[in-house]
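Structure record follows, encoded as structure tokens.
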Amino acid sequence: GGGGAAAMADGEVLVSVDYEVHGKVQGVFFRKYTQGEAKRLGLVGWVQNTSHGTVQGQIQGPTARVRELQEWLKKIGSPQSRISRAEFSNEKKIQALEHKEFQILK
């Protein structure tokens, strides 16, 4: 890898999707691993813990990469996490990324 931020290919559709992950996902570095995976895939957005024990956020980027992170959120997560389910909502095509990076929100 390496080489900084890759230029978006012409005609590559950008999407934005919200997510919420249920299970044992707090106190297991889930946010840190999600951020790392998103950065590896070149995605932007955010992730935060909720008051009811889930992790939620938003992902934006090329559709294929977003799908990869969705699969990761459903099946893999951080090493100590136990994901029961991941829900995705508000998926839409966007003209441009609305975030500069992938942030962990407190």
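Here the Cβ of each residue, glycine as well, is placed from N, Cα and C on the backbone.
TrEMBL annotations: computationally assigned, not manually curated.
Long-range neighbours of ARG31 (active site) (same chain, six or more residues apart, CB within less than 8 Å of its CB): VAL47, GLN48, ASN49, VAL55, ILE104. The feature active site is assigned by TrEMBL to ARG31 (among others).
The annotation active site is assigned in TrEMBL to ASN49 (among others).
Residues belonging to the domain 'Acylphosphatase-like' (16-106) score a mean pLDDT of 97 in the model. Annotation comment: TrEMBL describes 16-106 as domain 'Acylphosphatase-like'.
Per DSSP, the domain 'Acylphosphatase-like' (16-106) is made up of 25 helix, 39 strand, 27 coil.
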